[in-house]
Amino acid sequence: MSDATVDPRFRRKPPKRPLRLSWADERVRGIVWQLVVVGIVGSIIYWLWSNTVHNLEVRRIATGFGFLGREAGLPIAEHLIPYDPTDTYLRALTVGVLNTLKVAVVGIVLATILGTAIGIARLSKNFLVAKIAAFYVEVIRDLPLLLQLLFWYTIMQGLPGPRQALKPLDGVFLSNRGFRLPALVWEGAHTAAVLACLAGIVATWLYARSARAKQMADGQPRRVWPAAIALIIGLPLLVWQAMGAPWAIDWPALRGFNFQGGMSMSPEYAALLIGLVTYTAGFIAEVVRAGILSVSQGQWEAAQALGLRHGPVLRLIVLPQALRVIIPPMTSNYLNLTKNSSLAVAIGYQDIVSIANTTLNQTGQAIEGIAIIMLVYLTISLSISLFMNWYNAKIALVER
Amino acid sequence: MSDITASTPTLHGGSPARSAPITAVGPIAWVRANLFSGWLSTAVTLVLGYLIVRAVMGFVDWAFVNAIWSVPVNGNGVAQTQACRELHGTGACWAVVTEKHRFMLFGTYPFEQHWRPALVCLLFVALYIVSSMRSFWNWRLIPIWAGTLTAIGILMWGGVLGLPYVPQERWGGLPITLILATFGLAFAFPLSILVALGRRSNLPAIKALCVLYVELIRGVPLISLLFMASVMFPLFLPEGMNIDKLLRAQIAIILFAGAYLAEVVRAGLQSLPKGQYEAADAMGLSYWQKTGLIILPQALRTVIPPLVNTFIGFFKDTSLVLIIGIFDLLTAGKTAIVEPSWQGFGVEVYVFVGLIYLVFCFAMSKYSQGLEAELNRHRRR
């Protein structure tokens, strides 16, 4: 409706009524109620606060974050950055945050892949596939995650020792010391290839943008995929070839009582990752299924009637609509996975909760320790929701 | 001839209608359409079928054929588990469950009084069943809940009616899980309604408080709240005043569940068309009349299925009290295998404990699905 058709009287704000000091005035009631509620909440907080201050004085606990600079003296088995027990608490806590991120990021990626596959399998026309997927989702979602983590950890501990380690594939060892996998010996050429791949992705994006602009101008569709393959796969391969194509693999081997070489995954990390991924995948599967079902059959038929082929129908019509339904619940599943990674403390993986808990037991700084845990998770949660909200706004339906 | 024409009426007096070919209807057609619709589908069916048969046979071998159901116990009460250890994982050692099930279910509650926590569990189940029946969805639920919860308190504590007193430190196992979940629900639900209403309110201070509460709680893991309850809570209270650990964990769970339930209730409030609010205002109803008589009955009805799903999540989350050392069902299971003779039989114990959780959660989940279908019946054409 354009502005000209609106009666100007309706666009005027209602005149401001003077505040009448009477219980009958809605605004007076509102102010009184707010004062009452804020007063009650404020006095409860003040009461708790004064008790805490008094208790800290009585127990002679110094508050403040000064303890962060002291020597931690707590050993940490897994660390992404160099760490030694003689380092400070601050560094120990940083190691913990990185360990949380390590399991959360890998978990989110794997859970998305597994969950999407199971969600699609639940819609399969094959009865067996659909029923197995449904059974998986129902059982996984009805058991507490903590129980599943303890179960996986028990299985990890029940694996044979390094000497009798299971070898499902050549070079892969499963033992009660964790998983050992072959690793690529990292060299300069690999870094260059990764950089070339990133450059290729950026170039492809620019090329696709210009191709779309040209299509908008003359209506002729242009193929993007040959250039995309050349830039994203061909360019890194070429760079890697030019730098001598190094391809050395570090095979794990049994020496003495444990394995040497290769990439290792501790039993704690493996149990936590398997538990989190299989659990969250059950929830993601339901989200994906609901998203696919939300696009009506008519959308497929209408797109086919326009003469589009299967690929473009999926890419241009169905997926954008399904994603709109999928993204918000997917965000909360990602957040849940990150928060659930705090259960690591129960099986001895040293994430931020576990290290902060040890810190507060060693130093007695309970309030600071818990504040650190909460702050870390609030920061991670807010970052994930900000990113997903930005992405959601980008794909959201633009209504008039 | 006459009876044949009666049973197979034909339109124009021609030959009687033939039944459809077996490739179009019946079990054979079903198998063709759902299992062998193409070469890919056939291959998948065959591979999956083989794997399922192998897995089921392996499970039956482990759980039943090779399993050991009981082991001798010597004079000192130490179980002789050599037979189980000689299986080397090829069979389940259910002896750990037969030997320890009373401990896992009821913890360290006095052995001769175990009928009391058992009765408490039955009362809880009865309470759930009654609450799930739609004919009870009215004011009658309040006295039913109050009465049952009082009876449960009397049974657990004792000290009256000739029941010996049992201190709370000795409670454990399934009753603790059910107490944490049910009392948590009973207090978190009213809290969540108030918070959801507060978040939709026009009063800026109240709205800000509710948003802060919900977002803070939802941004941190439950563990950090439980740690707070177990480590920080004693600092919050005046000297000499002490709340026991179970109650502190219960408060943390109520605060946690309240924030999540509030978001579900808020979704219900938002789903109501604006006309309902305006019509109630036009009739001159006060805020609480409008909310209690018009808004909440409609809003809560639409969110019952997601509410039940939140309850399921919340029932499972009570197991996290293991981390602060409260003796719930999972903690009891984990403690049962600490004894040297039973070490290494974790899988059997977790299967047993998992089955109990599965029964409760599966029942709730099926109930929620049925309810959703029933409540959406008016929308279906």
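From the backbone N, Cα and C atoms, a Cβ is placed for every residue, glycine too.
Caution: TrEMBL annotation is automatic and unverified by curators.
The domain 'ABC transmembrane type-1' annotation in TrEMBL covers B:174-368.
Taken from TrEMBL, the feature transmembrane segment covers B:39-60 (among others).
Residues or ranges marked as transmembrane segment in TrEMBL: B:114-130 (among others). Cβ atoms under 8 Å from those of the transmembrane segment (B:114-130) belong to residues 102, 105-106, 136, 141, 144-145, 148, 151-152, 155-156, 158, 163, 166, 171, 173-175, 178, 182 of the same chain, restricted to positions at least 6 beyond its ends.
Listed by sequence, the residues of this chain that lie at least six past the ends of the transmembrane segment (B:142-166) yet keep a Cβ under 8 A from its Cβ atoms are 109-110, 113, 116-117, 119-120, 123-124, 126-127, 130-131, 136, 175, 179, 182-183, 186. What TrEMBL lists as transmembrane segment is B:142-166 (among others).
Tertiary neighbourhood of the transmembrane segment (B:172-197): same-chain residues 103-109, 117, 120-121, 124, 127, 145, 149, 152, 156, 210, 213-214, 246, 249-250, 253-266, 269, 291, 296, 311, 314-315, 318-319, 321, 326-332, 356, selected by CB-CB distance under 8 Å and a gap of 6+ residues from either end. Look at TrEMBL and you will find B:172-197 (among others) tagged as transmembrane segment.
Here the transmembrane segment (B:209-237) has long-range neighbours at 195-196, 198-199, 201, 243, 245, 248-249, 251-253, 255-256, 258-260, 262-263, 317, 320-321, 323-325, meaning same-chain residues at least 6 beyond its ends whose C-beta is under 8 angstroms from one of its own. For B:209-237 (among others), the entry in TrEMBL reads transmembrane segment.
Sequence-distant contacts of the transmembrane segment (B:249-269) (same chain, at least 6 residues past either end, Cβ-Cβ under 8 Å): 179-180, 183-185, 187-189, 191-193, 195-197, 199-200, 210, 213-214, 217-218, 222, 225-226, 228-230, 233, 243, 295, 299-303, 306-307, 310, 313-314, 317-318, 321, 324, 326. Taken from TrEMBL, the feature transmembrane segment applies to B:249-269 (among others).
Under the heading transmembrane segment, TrEMBL lists B:349-367 (among others).
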